[in-house]
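**Q** Take this structure, written in structure tokens, and hold onto it; I'll ask about it next.
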Amino acid sequence: MKAHANLPKLSIASLGGTVSMRASASECGVMPKLDCDEQLAELPQLREMAQLEAATLGLLPSASLGFAAMLEVLAWARGEVARGAHAVILTQGTDSLEETAYFLDLLWPFDAPLVMTGAMRAASQPGNDGPANLLAAAQVALAPGSRGRGVLVLMNDQVHCAARVRKTASLAMAAFESPGCGALGDVVEGAVVYRQPSGPREVLPLPHRTGHRVAMLEACLDADTALLKATAALGYEGLVIAGFGAGHVSGSWSEVLGHLAPTLPVIVATRTGSGPTATASYGFAGAEIDLQSKGVHMAGQLCPRKCRILLWLLIGTGRQQLLHGWLPR
């Protein structure tokens, strides 16, 4: 065993979520209760792997997190790296994990890994997965192959990149996938095995504006245009559409988007859950060729929720004119 002073420093923070939840006789349902130290108490072996720094940054269900809270989390994590942390781990609820991970990834400039994890079963439930996920997250965080990969999501012994991971099941233990590309790697008997090599990363500076808003609407059968038409008047500075199929909307929506696109950035993504938007296949009103001719951006591989995060950060950094280059084909 390494002497404690020679172990790498690992900073771990909890934001709340199912991984921190317990039931009590006086309450209906589980509630966030466990702070970071209490979560770490389940894993004494972590102290043989690293010098641990623990922080409780919140006890919230992840649906109640927001951009402002995540900027505070980012400031804490950046500070830990500046103070010598080899890597950072965040535990939080899984409901918004795919979004918070991408938000942080766009702003994470370090080679040091930032690994995010959570649980699908509360700490008081039989077979809870929180401790196993936290242990595997530490193994990922300390693995040499994790450096330079930005923000990683570890769930169920699979390692996912922040840009592609999605929560695809509401309650199942195997709730996270990376549609179209698969997980980056796996944790096998404590070893981290990457299937895909790391590549170059591009990050954004911290936003100098944070009060702006980006709307997201989903195209659906026989949808009217009332909310769509109200977007600009309500003060939104960007718009994301979760479109049909390969990125399509109705003819009536296309007409409204044609009026909106010259005044604010509009992205059309696919609502399907897998696959990219098209760019040159369909020519009818509301299809991608028609939409692009009106100044609408096609999302490519990026899902609608992550498009909204990207656009919010680009607007906040004054880089919305670079949007097209940030949308992965």
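Every residue gets a Cβ built from N, Cα and C, even glycine.
All TrEMBL annotations are machine predictions without curation.
Note that the structure is predicted; figures quoted are calculated from it, not measured.
These came from TrEMBL, pasted as-is:
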ACT_SITE  Thr18  active site, O-isoaspartyl threonine intermediate
BINDING   Ser62, Thr94, Asp95  substrate binding site
DOMAIN    10-196  domain 'L-asparaginase N-terminal'
SIGNAL    1-25  signal peptide
**Q** Long-range same-chain neighbours of Thr94 (substrate binding site), Cβ under 8 Å, sequence gap at least 6?
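**A** Spatial neighbours, sequence-distant, of Thr94 (substrate binding site): Gly17, Thr18, Ser62, Gly118, Ala119, Met120, Met155, Lys167, Ala175, Phe176.
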**Q** Within 10 Å of the Cβ of Ser62 (substrate binding site), how many other Cβ atoms are there?
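**A** A 10 Å sphere around the Cβ of Ser62 (substrate binding site) contains 20 other Cβ atoms.
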**Q** When DSSP is mapped onto helix/strand/coil, what comes out for Asp95 (substrate binding site)?
**A** coil
**Q** Could you name the residues, excluding Ser62, Thr94, Asp95, of the same chain that surround the substrate site, i.e. Cβ within 8 Å of the Cβ centre of those residues, in sequence order?
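**A** Those within range, site residues removed, are Gly17, Thr18, Pro61, Ala63, Gln92, Gly93, Ser96, Leu97, Gly118, Lys167.
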**Q** Please report the number of other Cβ atoms within 10 Å of the Cβ of Asp95 (substrate binding site).
**A** 18
